[in-house]
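Chemist: Submitted below is the structure of interest, expressed as structure tokens.
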Amino acid sequence: MAVERTLSIIKPDAVAKNVIGEIVTRFEKAGLSVVAMKMVHLSDEKAGGFYAEHKERPFFKDLVGFMTSGPVVVQVLEGEDAVAKNRDLMGATNPKEAEAGTIRADFAETIDANAVHGSDSTESAAREVAYFFSDEEVCPRAS
């Protein structure tokens, strides 16, 4: 197993519910360290750029609208198999299909307002981390 980094976004619906701390606690209890974190209100341009791979999909406009509807918490998580571990903690994209005890099962309402985003691969993670954070903003903590 390798120490990896992954990007996590706590989406506007979860921020509005005041469950930021509960979500971060789950990451930490699972052995992931927060090595960078900031709260931002994404612009249409920033959200659209982040989700550019979906630009031609029918849900793109609604996705950008949702992601700009309120502040988000963007963070870099570091730890053994961080990408897979984060995805397991999040649960299925559709909260109705997410296993009990996952972040989405506990805090999400719909497939659109599904509480969190997580990188789907180490390659995506590297690209997504660089999109939101400079090297100087990431503080390694793994020993």
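Quick reminder: no glycine exception, Cβ is built from N, Cα and C everywhere.
Pasting the feature list from Swiss-Prot:
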type: ACT_SITE; residues: His117; note: active site, pros-phosphohistidine intermediate
type: BINDING; residues: Lys11, Phe59, Arg87, Thr93, Arg104, Asn114; note: ATP binding site
Chemist: When a 10 Å sphere is centred on the Cβ of His117 (active site, pros-phosphohistidine intermediate), how many other Cβ atoms does it contain?
Modeler: 20
Chemist: Could you round the CA separation between Arg87 (ATP binding site) and His117 (active site, pros-phosphohistidine intermediate) to a whole angstrom and send it over?
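Modeler: Cα to Cα, Arg87 (ATP binding site) and His117 (active site, pros-phosphohistidine intermediate) are separated by 9 Å.
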Chemist: Taking the Cβ of Phe59 (ATP binding site) as the reference point, list residues of the same chain whose Cβ is under 8 angstroms away and which are at least six residues distant in sequence.
Modeler: Asp112
Chemist: List nothing but the one residue from Thr93, Asn114 whose Cβ has the fewest other Cβ atoms within 10 Å; the candidates are the binding-site residues.
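Modeler: Counting other Cβ atoms within 10 Å of each of the binding-site residues Thr93, Asn114 gives the minimum at Thr93.
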Chemist: In sequence order, what residues of the same chain, 6+ apart, have a Cβ less than 8 Å from the Cβ of Arg104 (ATP binding site)?
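Modeler: Those within reach of Arg104 (ATP binding site), by Cβ under 8 Å and sequence separation of 6 or more, are Met90, Gly91, Ala92, Thr93, Asn94, Pro95, Ala98, Asn114, Ala115, Val116.
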Chemist: Of all the binding-site residues given, Lys11, Arg87, which has the fewest Cβ neighbours within 10 Å once its own Cβ is left out?
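Modeler: Looking at the binding-site residues Lys11, Arg87, the Cβ with the fewest others within 10 Å is that of Arg87.
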Chemist: Quick check: in three-state DSSP terms, what is Arg104 (ATP binding site)?
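Modeler: Helix, per DSSP.
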Chemist: Just the number: how many Å between the Cα atoms of His117 (active site, pros-phosphohistidine intermediate) and Lys11 (ATP binding site)?
Modeler: 7
